[in-house]
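> Here it is, the structure in full.
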């Protein structure tokens, strides 16, 4: 609630701000925020910091679609994002506790062998964040990106939107490779017990919500459907950038040695 309070305030007061120069500035700034947060999340090794940066990226998405004059879409994305991001933070909190309060993702690996239910929730919420079709994030994110494609904005804004979507997939796959696919590092302070069944009750509720909320809210809150008329390639553009980001994230995550990440070498650019 604290994170999205400013977005909610601007959604409530959007009638005052419409057709002002401030909104054009806000569009540029929030697009750059999405871009910056997506780039930064790829270089982070702190589990909580990666998720916080992805939240920042989604906030940039909400603000930018709000500044294009579509407040109900921004609110829709705020609600769906609340579901899977709450689940993601709960999962990462459980994982950090099991790692004996150690947040570095390089020290984790093979989590899915030891805490399968938590890993399931983590992966589903991560994929909902990416906008994998028919999960909660897909409905809002895809609708937002299609409305961007419909409006006559310049190439810069278009590039920022789609590149940020690709980057979201990028750091999600990177997180998944580090946490789930890797071998169990046998870091000396590991404290893995079976599952946290107290947390799992709320996590499964949120898991159900992040599966159904997207379609449910799309049916509930829009009193008329958005008319979207695009060519096939423009419709599929979200899927294209997601697949490219997924492939790139897989490739970059394979370039690593445990303590030294080769991807950090691209900081020299």
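For all residues, glycine too, the Cβ spot is worked out from N, Cα and C.
Please treat TrEMBL annotations as automatic predictions, because they have not gone through curation.
Just so it is clear, the model here is predicted, and its values are computed rather than measured.
Pulled from TrEMBL, these are the listed features:
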DOMAIN    1-166  domain 'NADH:quinone oxidoreductase/Mrp antiporter transmembrane'
DOMAIN    171-265  domain 'NADH dehydrogenase subunit 5 C-terminal'
TRANSMEM  20-43  transmembrane segment
TRANSMEM  50-70  transmembrane segment
TRANSMEM  82-99  transmembrane segment
TRANSMEM  120-139  transmembrane segment
TRANSMEM  159-181  transmembrane segment
TRANSMEM  202-222  transmembrane segment
TRANSMEM  228-252  transmembrane segment
> Which listed range (20-43, 50-70, 120-139, 159-181, 228-252) shows the maximal number of Cβ pairs under 8 Å with respect to the transmembrane segment (202-222)?
120-139
> Cβ under 8 Å, sequence separation of at least 6 from the ends of the transmembrane segment (82-99): give me the contacting residues as numbers and ranges.
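Same-chain residues near the transmembrane segment (82-99) but 6 or more away: 4, 47-48, 51, 54-55, 58, 107-108, 111, 114-115, 118-119, 121-122, 124-126, 128-129, 135-137, 179, 187, 189-193, 196, 199, 202-203, 206-207, 209-210, 213.
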> Would you kindly list the residues that approach the transmembrane segment (120-139) from elsewhere in its chain, counting only those six or more residues past its ends and only Cβ-Cβ distances under 8 Å?
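Apart from its flanks, the transmembrane segment (120-139) reaches 54, 58, 76, 80-81, 83-85, 87-88, 90-92, 95, 165, 168-169, 172, 175-176, 179-180, 200, 203-204, 206-207, 209-215, 217-218, 238-239, 242, 245-246.
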> Do you know the mean pLDDT across the domain 'NADH dehydrogenase subunit 5 C-terminal' (171-265)?
81
